[in-house]
Amino acid sequence: MSIQEISLSGRKKLVSNKEMTFLEKMYLIAILKGLGITIKHFFRKKATINYPEQVREFSPVYRGRHMLKRDEQGRENCTACGLCALSCPAEAITMKAAERKADEKHLYREEKYASIYEINMLRCIFCGLCEEACPKDAIYLTISKELVPANYDREDFIFGKDKLVMPLEMAIKNTQLKNSN
Amino acid sequence: MDSTFIIEKSVVILVVFGVTMLMAMYSTWAERKVAAYLQDRVGPNRAGWGGLFQPLADGLKLFAKEEFAPNTPNQFLFRVGPGIAMATALMTSAVIPWGDRLHLFGRDILLQATDINVGILYIFGIVSVGVYGIMIGGWASNNKFSLIGAIRAASQMVSYEVAMGLSIVALLMMTGTLSLKEISEQQAGMNWNVFYQPISFLIFLICAFAETNRTPFDLAECETELIGGYHTEYSSMRMGFYLFAEYANMFISSTILAVLFFGGYNYPGMSWVAENWGVNLANIIGIGALFVKLCGFIFFYMWVRWTIPRFRYDQLMHLGWRILIPLSIINIMITGVVILRGEIFAYLGW
């Protein structure tokens, strides 16, 4: 076997410069073939979906919108240490710490908590370094399984605690699941 | 001329005008939908059910947009260009027979704005004037890309009009009339011209693609080379008029294709329906048949657009002048020989 005939991929095609026959020169047959191919796509299953109504399945490790977790008793994990902000390469996170009052023990797990916690979703690159840095298991990108939706104003992309903290119902459900197991 | 005649004709003209506008509007929607389906997408589906209000939304947007005119010395021509394109696109529908006739209020109502005996010549004349809309718009834009697009459009349309006219000659030799009404009547039953003149049909179809500036002959507005071609400088509803005229042209040329070659409003079993169910119903079904045929052609236009890439300009000219015109002349000769075969055989003594 000569080196010209070897095809490791099995897809090798020799290029030829042969003259086209009369039928080939008319192009009509080639055009009809092309029309056949496109009409097949007309009836094929669509590759796109109706996005907000339909959502694609996310991979379990997909990094989407951040979520500030609650523990089994529904208290916020975050203690406003600022390590996430420090680790953030895009400078997207900012927060303000506050001291927990005596009557707030059911709301916050630690003695210090974040009274303001904001992530600028336009800056965030969803790298997940904040999640890795967090010592309190508080911030996660993989739980929400949500994308950050489009918006008209830049201000609307700064997500506060109202959008970031895990909803109470979700925390209750998680606890129930854990107890039943 | 009595007043009922004027009323009758005005109603027919208004309905034809409205239907042309509506079809042009929904062709834009259909184009986007067909394009999407051929590319495995869903297409516009937010405005109304299946995106059916999309043309309205588009129109509203175009009307609301800022009207920008370039700093050109030809302000008047710049303004008049889209108007010419639109007017010529709408004028051709006057001679098209949409159906045979309806018997209403004790009168026979001809479903055609006017049945002039040079129908096809009239259409050719108006279509030739349509070049001016593009030419004037491109010239007045004071922009190189627009000018190149306009020149391309003009030379392309002039070249392909020759082949188009010649391809029709063979058909006219067979029918012996230029009136679209009579041509439709001759094709009653399944006696469609496409079975007798397939080559003429093919040439006419290719030329129709070129005349309406549709892919693969859309060199006048090829985005990759000329930005938008002759309408690069246009914005707002003026550009809307150009695009709208293109779709109206597509609708009209589909109708002409259906009338000339695919039997117009005729459908198999039309005479049976007329005898048993009445003339009116037979003709209403006839209008439906014509619309099915022309919608098929409109779909074909879109289907081809998303299949074949654009020709190079020299290929376009080569195809027009050196292939289509000789082919249509040969077709004329063959048709002539077939029509006169009796005389020829008698002359040869066979």
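Each residue, glycine too, has its Cβ placed from N, Cα and C.
Any TrEMBL annotation is an automated prediction that lacks curation.
Long-range contacts of the transmembrane segment (B:6-26) within the same chain, counting only residues at least 6 positions beyond its ends with a Cβ under 8 Å from a Cβ of the stretch, are 55, 59, 89-90, 93-94, 96, 98, 107, 109-114, 244, 247-248, 250-252, 298. Among the features that TrEMBL reports, transmembrane segment is placed at B:6-26 (among others).
Marked as transmembrane segment by TrEMBL: B:76-99 (among others).
Taken from TrEMBL, the feature transmembrane segment applies to B:119-141 (among others). Within its own chain, the transmembrane segment (B:119-141) has Cβ neighbours under 8 Å at 70, 72, 74-75, 77-78, 80-89, 91-92, 94-95, 147, 149-151, 153-154, 157-158, 161, 164-165, 168, 172, 178-181, 211, 213, 220, 229-234, 242, 245, 249, 256, 260, counting only residues six or more beyond its boundaries.
Annotation comment: TrEMBL describes B:162-180 (among others) as transmembrane segment. The list of residues near the transmembrane segment (B:162-180) in space but at least 6 beyond its ends in sequence, with Cβ under 8 angstroms from a Cβ of it, reads 95-97, 112, 115-121, 124, 186, 193, 196-197, 199-200, 203-204, 206-208, 211, 256, 259-261, 264, 320, 324-325, 328-329, 331-332, 334-336, 339.
Residues or ranges marked as transmembrane segment in TrEMBL: B:192-210 (among others).
Among the features that TrEMBL reports, transmembrane segment is placed at B:241-264 (among others).
Residues of the same chain lying 6 or more positions beyond the ends of the transmembrane segment (B:284-304) and with a Cβ under 8 Å from any Cβ of it are 23, 27, 30-31, 34-35, 38, 98-100, 102, 111, 209, 212, 214-216, 250-251, 253-255, 257-259, 262-267, 270, 273. The transmembrane segment annotation in TrEMBL covers B:284-304 (among others).
Positions annotated as transmembrane segment by TrEMBL: B:324-348 (among others).
By the count of Cβ pairs under 8 Å, the stretch nearest in packing to the transmembrane segment (B:192-210) among B:76-99, B:241-264, B:324-348 is B:241-264. Packing against the transmembrane segment (B:324-348) from elsewhere in the chain are residues 160, 162-163, 166-167, 169-170, 173-174, 197, 199-200, 203, 206-207: each is 6 or more residues past its ends and has a CB under 8 Å from a CB in it.
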